[in-house]
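Taken from Swiss-Prot, the feature active site, proton donor applies to Glu197, supported by similarity to another entry. Residues or ranges marked as active site, nucleophile in Swiss-Prot (evidence: similarity to another entry): Glu388. Annotated beta-D-glucoside binding site per Swiss-Prot: Gln52, His150, Asn196, Glu197, Tyr320, Glu388, Trp435, Phe451, in sequence order, evidence recorded as similarity to another entry. Marked as N-linked glycosylation site by Swiss-Prot on the basis of sequence analysis: Asn2, Asn303, Asn425. Residues or ranges marked as signal peptide by Swiss-Prot: 1-30.
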Amino acid sequence: MNMSCKFEIVLLVSWWLLLVLVFGVESSMFSEFDRLDFPKHFIFGASSCAYQVEGAAFEDGRTLSTFDIAAHSGHLPGNGDITSDEYHKYKEDVELMVETGLDAYRFSISWSRLIPNGRGPVNPKGLEYYNNLVNALLTKGTQPHVTLLHSDLPQALRDEYGGLFISPKFIDDFVAYADVCFREFGDRVLHWTTFNEANFLAFGDENTPASALYLSAHHLLLAHASATRLYRENYQASQRGFIGINVYAYDFIPETNTEVDVIAAKRARDFFIGWFVQPLMNGEYPLTMRKNGGPRLPKFTPNETELLTGSYDFIGLNYYTAKTVKDDPVMLTVEPRNYYTDQGLISSYLGNIDPYQGHPFFNTPWGLHDVLQQFKQVYGNPPVYIHENGEVGDHDADYDKLINDIPRVEYLQGHIRAVLDAVRNGSNVKGYFVWSFLDMYELMYGTKFTFGLYYIDFNDPKLTRHPKLSQKWYSRFLKGEKASTKASIHTPNEAETHTYFY
């Protein structure tokens, strides 16, 4: 065998090893697959959020939420006053879900629509709307997956608390609100999520000081665990449903292969994901947080530890892209110390772009696979739903480009394939939801950048829903057509690292 042949073999083996590291199976990113490759009861759906999709912000007894105030005070671009108007068009949207072939629709309940003052009497019109939506979905064979709080706290409660989640009063108020939802809808809703992106929720709003983040998270965790206990004690046996929490997840990868960056990437995971997931496993914050946070990090009492441990039937994950992490010990010398400085690191989006300024997410399905491997190996392989995953697009682009959203198709293909590979490698993934079903008001972008499978011209009074190429692809996939992942995927090379860790 000559040297040229040896070099070619070494090169081929190197590429194969990279594919195994990234996807866990040999060259799977180039193979076809279909939904029958997934487990029999695997759920495919799409997601939304009450404030972002419903509209009717000032109708039928709904009162102001924190999102309304943030939007109308200029802290968010635009507002959700009308947005996609699903409040009035839910029947049409349910028909579109059936046409698409969704197994499930994940939506949230507007607390300020159901209980306008945050506590006290239930709004009959709000109750009627959510009953109608749930019934319409079930009539068409679509499962409702319901989130109790997608960040939009009633403004009346925020005013009373003096901040979003800094008051322990929030715990009892949330449990009382959850009780109403379980009682009124639990005979038909079998999948409940307490909080969407609980780790981001803890960051509060523009008025939340960095010193308050630990306390906010503490109250959110105790509110989740208390609502879970209520559900299990009073409802689960008869309603036979499931309850969990949702967190936002990045794949944190070290900027270099140095030991300090590898450790820093693990620390980033502990401070962002483990912050909310680890207490559900053993009733304690991650060791790195306890060490670096010191007295700033609240401690759980023995009763709270018992309450938290095992307080989930599933974990929901929202995943869009990966971030690189660099160790920065100088952060640990900054005073006063807080959640951010305690991490001792700097994290950056791949390519140093900021997707929250409208740049497309780097297409990193390998990162989703990596996160699922972490949940299997670090957190005991709990049941997981991918609750949000999707690609942002410029809503101001020309119509043909908006409708023929090839980058979104490539993004979805790659990430669904990554989920399949994770399942085959033993990850306990139960379902996948696209973000989002419709173009709608986005909290970071207004209506300038959107994620929907259906295009909506927000200047059209009829708000007509137009299927995009991504909707057609997803529908064909859900109905049995094979998909291929020969797509434009950003490789780990673009992060200048091949280090993967669990």
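Just so it is clear, glycine is given a Cβ too, placed from its N, Cα and C backbone atoms.
Structural mapping of features recorded in Swiss-Prot.
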residue	record	DSSP class
Gln52	beta-D-glucoside binding site	helix
His150	beta-D-glucoside binding site	coil
Asn196	beta-D-glucoside binding site	coil
Asn303	N-linked glycosylation site	helix
Tyr320	beta-D-glucoside binding site	strand
Glu388	active site, nucleophile	strand
Asn425	N-linked glycosylation site	coil
Trp435	beta-D-glucoside binding site	coil
Phe451	beta-D-glucoside binding site	coil
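Listed in sequence order, the recorded positions near His150 (beta-D-glucoside binding site) (C-alpha within 10 Å of its C-alpha) are Glu197, out of Glu197, Asn303, Glu388, Asn425. Here Glu197 (active site, proton donor) comes close to Ser151, Asn246, Val247, Tyr248, Asn318: these same-chain residues lie at least six apart in sequence, with C-beta atoms under 8 angstroms from its C-beta. Considering only the recorded positions Asn303, Glu388, Asn425, Gln52 (beta-D-glucoside binding site) has Glu388 as its nearest partner by CA-CA distance.
Reported as a whole number, the C-alpha separation between Asn196 (beta-D-glucoside binding site) and Asn425 (N-linked glycosylation site) equals 27 Å. Closest in space to the residue listed as 'active site, nucleophile', of the recorded positions given as Tyr320, Asn425, Phe451, is Tyr320, taking the CA atom of each residue. Counting only same-chain residues at least 6 apart in sequence, those with a Cβ under 8 Å from the Cβ of Trp435 (beta-D-glucoside binding site) are Ala46, Ser47, Asn318, Glu388, Asn389, Gly390, Phe451.
When the recorded positions Gln52, Asn196, Asn303 are compared by the number of other CB atoms within 10 angstroms of each CB, Asn303 has the fewest. Cα spacing between Asn425 (N-linked glycosylation site) and Asn303 (N-linked glycosylation site): 36 Å, rounded to the nearest whole number.
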